[in-house]
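> My structure is below; once you've seen it, I'll send some questions.
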Amino acid sequence: RFLGCEDHDTYFTNTQRHRIVYEILARTAYGKRKRAEIGIERLLNEGAYSAAFPLHEGPFEISAFEVDPEQLNSRQVIFQYWGRWSKWYKYQPLDHIREYFGEKIAIYFAWLGFYTAWLLPAAAMGTFVFISGIISMGTNTPAEEICSSGGTYHMCPLCDACSTWNISDICSMAKLGYLFDHPGTVFFSVFMSLWAVTFLEYWKRKNATLAHHWDCMDFQEEEERPRPEFAAMAPAMEQNPVTGVKEPYFPEKARLSRMLTGSMVIVIMLCVVMIFLVTVIMYRGIVSMMMYHTESTVLRTQAGNIANISSSMVNLALILLMGQVYTALAEQLTKWEMHRTQTQYEDAFTFKVFVFQFVNFYSSPFYVAFFKGRFVGYPGHYGKLFGMRNEDCGPGGCLIELAEQLFIIMVGKQIISNIQEFVIPKVKAWLQKRQIGAVRGSRISQEPKRWEEDYELIKCEGLFEEYLEMVLQFGFITIFVAAFPLAPLFALLNNWVEIRLDAQKFVCEYRRPVAERAQDIGVWFNILEALSHLSVIVNAFLIAFTSDFLPRLLYQYKFDSNLHGYVNFTLAHAPPSYMDGNYTQCRYKSFRDDSGNYTLFYWELLAVRLGFIIAFEHVVFLILRAIDWIVPDVPESLALKIKRERYLAKQALADNQDAVLR
C-alpha cells in the first residue's frame, strides 16, 4: 500500500536498513532469554565482539580529477558540500545529514547552525556597545577627575605593611573600566534577555518544521529495551506491565537509596569546587601582597590586575581538571544507580554533569560579581580570612575583573576544547591503526576490506559533550553579559570553527553511528530555558550591585548632572582612630562617615538598587511572556499543513472502508 514498494532495492534507504538490521541484532537471543542473554549490545559489553557498526558508504576523499557530482557516494557528497573548511559560509545540507546519520545527529547540527546564525545580531549589538564605550570614554567625568587629581587624594594602604598611594596612579584602569561599565551595558543586558527568549521561541518553530519535514513529529520510544549493563547486573526477573514479557528487574527502593548516596557524592564534589575557589582567592591575595612589596610603582598599582589574570588562568586549569575527574565519576555513579533504559540513564547522567559543571564554571564569576569587595570593612576594622585582609575590587571596579575572568575562562575553554577536538581524534585514530596493523601482520600487503578501514576509525562518542559545551557557552553569553558585551562575538567565532570540527569528526574520523530518531534536542532545551530566565535575575543584580550605573545616576539626580565632584563624594575619610605615626590622613572608597557608619546616601542607594531589581525583572519578564504569547510554537502554515494531512488521512481511511464494505 506504500508508493514505490515494488522496487525492493531502493524502497528503504541505507540508513533505514541499518536501523532495521540493528533492531534485529538488538532483539536476537544468543543464550537463555530467562537470563536476558539478548542482543548485540550485551555481547559487546561482555567482550564477545570488539565492535559493531554500520559501514560508511565508501571513502570520503575525492580524486584530483574532475568527477561528475552524480558519481559521488553519500559520504563524499556531505564531505564535499559540508565537511570541508572552505564551506564555512554555506548553509548546512540538513536533509543529506539526516539521510546519512539519522535525525538525532541532524537535529543537533540544525540547532547548532540556528544558534550560530542567531549569534550574528547579538555579536553585532555587543560590538556596537563596546565601541560606543570606547568613543564615549572622553565623556567619563569621574575618570578625568581621577587622572587630573595628582596628589589630592591619598588612599589608605592596600595591605597592613603597605604605604598610602595616590588615586591618580590608577588613571588608566579607571578609563578602561568605563568600557565595561557604562549606560550601554544596561541596554545590552535587556537586549540579551529578550534575545535569549526570542531565540528559543523561534527554535521551537524551526524544530517543529524540521520534525514534520522528517516525519518524526510524534516520535517517541513507546517501550525501550533494558540497557545491556542493566540486564547483565539486575538481580531479578519481573514481568514488564507493557509488553507482558519477563525481563531484568531492579527494585525501585534500592535504586532510590543508591541515587540518594550518589547525590551525597555530588555535594562532596561541589564542596571540593568551593575549596578550590577559596584556594584561588588566597593565591590572588598572596600574589597581590608580593606585588605591593616591590619597588616598581607600575607593579604596585597593577597588583590586583596581575593577580586577577594569573588566578583566572590557574582557575581555568582547575576547572578543566575537575571537569574531567567529575565526568568520569558521574559515569560510574550513574551506572551504579541501575537505570533501566538508555533514556533514563542519559537524563540522570546529564543532570549530574550539568549541575557540577554549572558550579565548576560559574562559581568564580559569581564570587567576583556578588561577593568580592562586600566584606572588606573599613580602616581599623578590616575583615580578615586566615589572617589575610578580605579581597577588595581592583582600581577599575569589580566589573572589569569579572570581564577579565569571563574572557579567560570562556575563550580559554573554547580554544582548549577546539584543540582537543582537532588533535585527540587524530591521535586515537593513529593508535587504532597501529593496533590493527599489528593484528594484520602478513596481510598488510592485501587491500583492506571496507569494514577493516572503518574499524580503523574511532568509535562515535555521541553528542553529550557537544551539547554540554554549547549550553555552557550559552550561559556565559547570557548570564554575565552586562560585564562582557563581546562574549557573543567570541561565541560566534568559536561556533563557526565548532561546526566544521564536528562535521569533519562525524564524516572523516568517526565510525558511522547507528542512525537514531529524535524530534527535538531533548532535556537540553529545558536547561537553555532555565539559563535564559536565570540570566534576567543575575543581570539585574549585576547592574544594581556591581556596576557603578545606579550610584552615578542617583548622584546626577541629587547633586550634579555632569558628575562633577563624584570621585570626592564616593571617597570616605579614614576614622581618626586609624591614624597613628605611620599614616597621614587617607581616603577609601565607601559611603561612610568619619566614624565608619553608613551615610544616608548609602541607604537611599540601597533602596534604589532594590527598586531597580524589582522593576527590571518585572518589565523584562512581562516582555518575555508577551513574546512567548505572540510567537506560536508551530508556524501557522505548518499547522494548516498538519490539519490538511490529518483530514486527508481520515478521508483515505473512510474511502478504504467503503471499498471493503462494497
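Cβ coordinates come from backbone N, Cα and C, glycine included.
Quick caveat, the model's predicted, so the values are computed rather than measured.
Straight from TrEMBL, here's the annotation block:
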- 2-94: domain 'Anoctamin dimerisation' (DOMAIN)
- 97-645: domain 'Anoctamin transmembrane' (DOMAIN)
- 105-135: transmembrane segment (TRANSMEM)
- 185-203: transmembrane segment (TRANSMEM)
- 265-286: transmembrane segment (TRANSMEM)
- 306-329: transmembrane segment (TRANSMEM)
- 349-370: transmembrane segment (TRANSMEM)
- 471-493: transmembrane segment (TRANSMEM)
- 521-545: transmembrane segment (TRANSMEM)
- 600-624: transmembrane segment (TRANSMEM)
> What are the DSSP helix/strand/coil residue counts across the domain 'Anoctamin dimerisation' (2-94)?
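DSSP classes over the domain 'Anoctamin dimerisation' (2-94) add up to 40 helix, 2 strand, 51 coil.
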> Look over the recorded stretches 105-135, 185-203, 306-329, 521-545, 600-624 and say which has the most C-beta pairs under 8 A to the transmembrane segment (471-493).
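Selected stretch: 105-135, with the most Cβ pairs under 8 Å.
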> Using a Cβ cut-off under 8 Å, which residues of the same chain at least 6 positions beyond either end of the transmembrane segment (185-203) come close to it?
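Contacts of the transmembrane segment (185-203) (Cβ under 8 Å, skipping residues fewer than 6 from its ends): 111, 114-115, 118, 121-122, 125-126, 129, 133, 474, 477-478, 481-483, 485, 488, 525, 528-529, 531-532, 535-536, 539, 542-543, 547, 549, 616, 620, 623-624, 627-628, 631, 633.
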> Which residues, given as numbers and ranges, are at least 6 beyond the ends of the transmembrane segment (600-624) yet have a Cβ under 8 Å from it?
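Answer is 190, 193-194, 197, 533, 536-537, 539-541, 543-545, 550-551, 553-554, 558, 591-592.
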> What average pLDDT does the predicted model assign to the domain 'Anoctamin dimerisation' (2-94)?
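Taking every residue of the domain 'Anoctamin dimerisation' (2-94) together, the mean pLDDT is 83.
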